[in-house]
Amino acid sequence: MVVVVENKQNSSLTSLLSYPEISALEPACDVVEAAKFLVTTASELACSLNSKKALLSSFILIMEAPADEQLYPIAVLVDELKHEDTTLRLNAIRRLSTIACALGPQRTRDELVPFLDESTDDEDEVLLALAEELGNFSSCVGGKDYAHILLRPLETLAAVEETVVRDMAVESLCKTAELLSEQQLEDYYVPLVKRLSSGDWFTSRTSAAGLFAAGYSNMTKETLDEMRKLFARLAHDETPMVRRASAKALSPELTTNDFHHLQKLANVYSRENILSDLIPLIDSLARDEQDSVRLLVVDAVISVAERLESEEVKSNLLPILKGMIVDRSWRVRYMIAEKYVVLSNAVGEDILKNDLIPSFAQILKDNEAEVRTAACSQLPGFANLIEKDVVLATFVPCAKDLITDTAQQVRAMLATHISGLAPILGKELTLEHLQPLFLQLLKDESSDVRLNIIRQLERVNSVIGIELLSQSILPAVVELAEDKQWRVRLAIIEYIPTLARQLGSDVFDKQLGSLCMSWLADPVYSIREAAITNLKQLIEVFGSDWATVTVVPQVSNMSADSNYLHRMTTLFAIATIAPALEPKLLDEKVLPIVLSLAEDPIPNIRFNVAKTIEALVPLLKQSNDTAEEVEAKITPVLNRLGEDTDNDVRYFTHKALLTGK
């Protein structure tokens, strides 16, 4: 058996020849074992090279061997694919490209692909991996000229029962169809679509619905006419799942990069075909008895509206859209509400002004809380599309009603998005109409509502200014700072630095200073941690002198607290705020607090003293005036801690001593 490696400048692959496991084999040895080692090692090398983003352009070819021995690589694959262990079968599927490289394109087409077509009776996860691999297998069968060879096994996978396998097979079929020539499409792809479309089981017909857009631009006019008629038949199929797939194929909603080869039929049809073929189908699907079908038509309406002129949208799509807005199923109305801004942009300005404004007000008052919630998320975006007077006259009153909505999720969504109206209305109208709504939401019984409005106050601040905001909303913010829900307190803490920058130190100390220090003793660790970070940000805003007067005395008092958690918080706070303080202040005011805790009876306090000293030493050494204090004050304390009975204390002390050297 001779192993030939192309691209021999790739030393990693060339080194396969020198592996002792291969070179030690006798000529009459078990060639299956050699093939197994070769295939496995090549796979591992490929993975390592890919991780380094190198181009793997080498191909392993088995040559100059007897004909029966050339079958051994495929025998290895067969052996693993038939193994009872699912993991081994999955690994075999993942190594298909390696096996194909070993066999060469001709034998891959003649032996490997037919074998895979016969191996589709397996676990769903194995079939899913196979469908994915086949979508990237065209180079292994000889390139575009032979890509149609892959259609047969993918057709089988597109008809299986498991949905995720079918979806992946459809994706791979679409990817392969893009490689086919016009003749290949006519000879292989179109017959495949016809077979799936006329399958006895709904599974094949649902897969067929996703295949019509692929290769559409390369088909002949006669074939396109036939394909459109075939798709129309699927859209009127007696099985709801097939009609659903047809509605989805009109405009597949892609939330991830997966299945990016699935195209919208609305994008590949000509305008004439949209008007003559697609719109009647959309109208029929929009009146389907199954709401799971009707709700998918919303995306199709948006896609088609983007292709048509305003008058064509008005005469063909507007009646369909109006019917969906008042659909008897809340799920359809929810889809409309969730995509209202995109829909408004697609249909044009005239329809927006004349029809969608009153419809949106109607949706905001829908009977179902889920629909009102979705509508609230669209409120700022839709308001940006219309005039300020309309927003004030129509939708601000709707917002006032929604503030007292019985459903908490509606009020929470409104609290998240209502601040988006402030830039639209401007300063005066915001103060007059929106500020009372903000105050009411800040006092809502639900912590989620209060939390959401707090997180959006900065947007309001940019419109009305911090002075007016502090006069009207600051009292409510102070009240919420002691909220029983710790997440609300956390949101207030995160908002404090923004207030501090605008209020100035005098006003801040008067209204919020003591509050900030009280958070250091909060029973919730996340609050104490956020309060420490908040102190550092405040020092950066107000300066080291402010810290000397306000922060350091409070921290010093906490170091003598009877609660060890408060003493621990003192050390955490010092380690965090130290970089924002001047070295002289650290030496004179802060370091004595740390050293005083070195004799604490709690070991956790003592080893945190060592960790805090480790953080302070580099800062003290930055100034010549304080560098000498490291040796005079800190080293004796660390020497005592180095003899502590607790292992952790000694360990962290040793680290601190290394830093001090």
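Any Cβ shown, glycine's included, is placed from N, Cα and C.
Helix first, then strand, then coil: DSSP counts for the repeat 'HEAT' (73-111) stand at 33 helix, 0 strand, 6 coil. Per TrEMBL, the feature repeat 'HEAT' maps to 73-111 (among others).
In this model, the repeat 'HEAT' (278-316) carries an average pLDDT of 90. Residues or ranges marked as repeat 'HEAT' in TrEMBL: 278-316 (among others).
Taken from TrEMBL, the feature repeat 'HEAT' covers 317-355 (among others).
Through the fold, the repeat 'HEAT' (356-394) approaches residues 322, 325-326, 330, 333-334, 336-338, 340-341, 343-345, 347, 401-402, 405-407, 409-410, 413-414, 416-418, 420-421, 424-426, 429, 433 of its own chain, all at least 6 residues removed from its boundaries and within a Cβ separation under 8 Å. According to TrEMBL, the repeat 'HEAT' annotation covers 356-394 (among others).
TrEMBL lists 395-433 (among others) with the feature repeat 'HEAT'. Same-chain residues lying 6 or more positions outside the repeat 'HEAT' (395-433) and placing a CB less than 8 Å from one of its CB atoms are 360-361, 364-365, 369-370, 372-373, 376-377, 379-384, 388, 440-441, 444, 446, 448-450, 452-453, 455-457, 459-460, 462-465, 468, 472.
Annotated repeat 'HEAT' per TrEMBL: 434-472 (among others), in sequence order. Residue counts for the repeat 'HEAT' (434-472) under DSSP, split into helix (H, G, I), strand (E, B) and coil, are 33 helix, 0 strand, 6 coil.
Under DSSP, residues within the repeat 'HEAT' (473-511) fall into helix, strand and coil as 32 helix, 0 strand, 7 coil. Annotation comment: TrEMBL describes 473-511 (among others) as repeat 'HEAT'.
Panel annotation: around the repeat 'HEAT' (551-589), residues 517, 520-521, 528-529, 532-533, 535-536, 538-540, 544, 596-597, 600, 602, 604-605, 608-609, 611-612, 615-616, 619-620, 622-623, 625-626, 629 of the same chain, lying at least six beyond its termini, place a Cβ under 8 Å from a Cβ of the stretch. The repeat 'HEAT' feature in TrEMBL is assigned to 551-589 (among others).
What TrEMBL lists as repeat 'HEAT' is 590-628 (among others).
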The repeat 'HEAT' (590-628), counted residue by residue under DSSP: helix, strand, coil: 33 helix, 0 strand, 6 coil
Contacting positions for the repeat 'HEAT' (590-628) when only residues 6+ beyond its ends and CB under 8 Å are counted: 552, 555-556, 559, 564, 567-568, 570-572, 574-575, 578-579, 581, 583-584, 634, 637-638, 640-641, 644, 646, 648-649, 651-653, 655-656, 659-660
DSSP-derived helix, strand and coil totals, residue by residue, for the repeat 'HEAT' (395-433): 34 helix, 0 strand, 5 coil
